[in-house]
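The structure appears below as structure tokens.
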């Protein structure tokens with residue numbers, strides 16, 4: 001088990017290292033001069049102001065130092081929790097801007113991922129080898145899986161927010177309220193959270209259902225299932241054993257899909273103007289706020305790595321083979 | 001976006017059953033497979049729209065041609081945008097660029113995944129360790145976040161550039177799946193025989209190993225094709241789409257940005273979403289059909 005975690009941690013450490021290095025490299029080695037383009041986008045004609053801005057940005061990136069020193073400084077600033085100053089929310093530091101947005105994103109992501117995973121697996125397991133259910137779950141699953149996240153969000157937003165006008169479609173809470181702990185505010189938070197949540201939940205649902213259905217069918221054909229059936233075991237029991245085996249690849253699948261799910265949450269937030277990381281990214285791109293963009297990127301990478309590790313721990317708890325040091329986990 | 005674990009989405013070819021040597025048998029089951037026919041049919045319809053459509057529309061996609069905010073009518077079949085652009089013109093060009101992204105990005109990702117998977121699986125040892133580590137690292141990094149950063153710094157973006165970067169980031173699961181397959185094939189007798197007769201490594205991989213999983217490789221490409229379209233549409237929607245053209249994601253971006261929702265311009269944001277969902281969904285369904293054609297175990301009795 002120690003070897004299992006050691007290997008995992010090595011991969012995650014390496015991934016973080018690569019992510020930070022990529023993050024550092026892109027502004028420096030991409031074609032074009034980011035400083036020049038940032039200054040140009042500010043649309044200032046006064047040459048003195050242009051020179052001052054150029055100076056300012058070069059200092060911010062530390063372009064005047066040797067390349068290796070720039071790299072180590074980058075890491076140093078990172079460990080000090082210094083991601084730079086946001087341009088869009090000037091003069092707030094990027095870390096503070098991100099911290100304000102993170103609770104909203106997590107509040108959307110965690111419930112929608114977990115609930116769609118549970119419900120999807122349950123529906124898939126139920127549908128496997130049952131003709132009528134299968135014929136409804138499978139097509140619905142494929143349609144949901146093929147839908148782009150933002151489109152289902154747009155449809156829900158249009159349907160419930162514009163046509164029926166039953167739910168709010170923008171923001172994290174009503175603009176008329178101040179954040180406090182009153183029932184009114186919590187109710188408003190909930191109303192604004194509902195549509196983005198449902199949207200994320202629905203898109204992810206189909207994939208889990210299809211995956212589980214396929215795995216159950218595969219497990220029901222395995223020798224142990226046939227053996228149990230030959231012994232005259234009730235169907236419920238066989239299915240329960242099949243489910244316990246089939247759920248393992250689904251846990252690995254959850255780890256593999258985290259990146260996609262986070263990406264989906266980003267675009268969903270943009271549709272609903274939900275004040276999470278997705279809306280931050282949009283603001284950062286619209287305002288050419290590269291520090292904010294890069295800070296958000298590192299934050300997402302870190303979050304995905306931590307979530308991966310949590311899933312690894314869960315896997316060890318669920319699958320005894322990994323504890324005994326035998327092969328089991330494949331990620 | 002797909003949440004099917006792509007590795008379990010297609011059944012791996014069983015090394016003990018020989019691949020279908022008889023093309024006629026595959027064809028026999030192919031034309032009788034409803035899923036495959038429906039999937040291929042839908043994809044073909046959209047492919048035709050993407051190929052022929054741009055020649056039939058009267059104006060370039062971004063041109064202001066008519067009254068703004070017109071619902072669909074005889075002249076503009078899909079209505080016009082807030083600025084009076086022809087939605088149909090944007091739509092046909094968008095469908096075309098979806099296929100371009102799918103082919104280029106999906107093709108590139110399949111190629112990289114195959115090369116890394118074959119080499120890692122066949123060579124084994126240190127080469128395998130290094131390539132496997134690389135695969136795992138790229139697998140864990142959230143792809144879209146990387147693409148966001150790269151595209152944000154690229155001032156001028158084209159469909160080709162976008163495909164290049166999508167292809168460069170979406171190969172890892174393919175490499176892993178193919179590595180596992182190659183691993184099980186490399187110690188088979190016919191591979192040993194080839195090696196003993198002094199055939200070079202590249203040739204062994206191309207002539208002895210790859211043909212044994214050709215159906216699997218093809219299905220991998222289809223899945224990559226679909227997922228590339230989805231990734232591209234997300235990027236476009238965030239506002240990092242091609243700067244020199246239109247795509248389905250860019251249409252959704254504009255519709256969202258220029259208040260198509262509150263104004264109720266449903267003809268602007270429904271068609272691009274339907275197209276993406278239909279193309280990607282049809283690809284997945286066709287893939288399941290193909291799986292049944294190639295794998296006798298899955299055929300319905």
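Including glycine, each Cβ sits where the backbone N, Cα and C put it.
Looking at B:193-215, B:216-238, the range tied to transmembrane segment in TrEMBL is B:216-238. As stated in TrEMBL, the feature transmembrane segment covers range B:265-290 out of the listed B:239-264, B:265-290.
Within its own chain, the transmembrane segment (B:98-122) is flanked in space by residues 46-47, 50, 128, 131-132, 134-135, 159-160, 162-164, 166-168, 170-183, 186, 201, 204-205, 209-210, 217, 220-222, 224-229, 231-233, 247-248, 275-276, 279, which lie at least six positions past its ends and keep a Cβ under 8 Å from the stretch. For the transmembrane segment (B:265-290), the neighbouring stretch richest in Cβ pairs under 8 Å, chosen from B:36-57, B:134-154, B:216-238, is B:36-57.
Long-range Cβ contacts of the transmembrane segment (B:216-238) within its own chain (Cβ-Cβ under 8 Å, at least 6 residues beyond either end) map to 1-2, 6, 9-10, 12-13, 98, 101-103, 105-107, 109-110, 113-114, 143-144, 147-148, 151, 162-163, 166-167, 170-171, 174, 177-178, 181, 210, 247-250, 252-253, 256, 276, 279-280, 283-284, 286-287, 290-291, 294.
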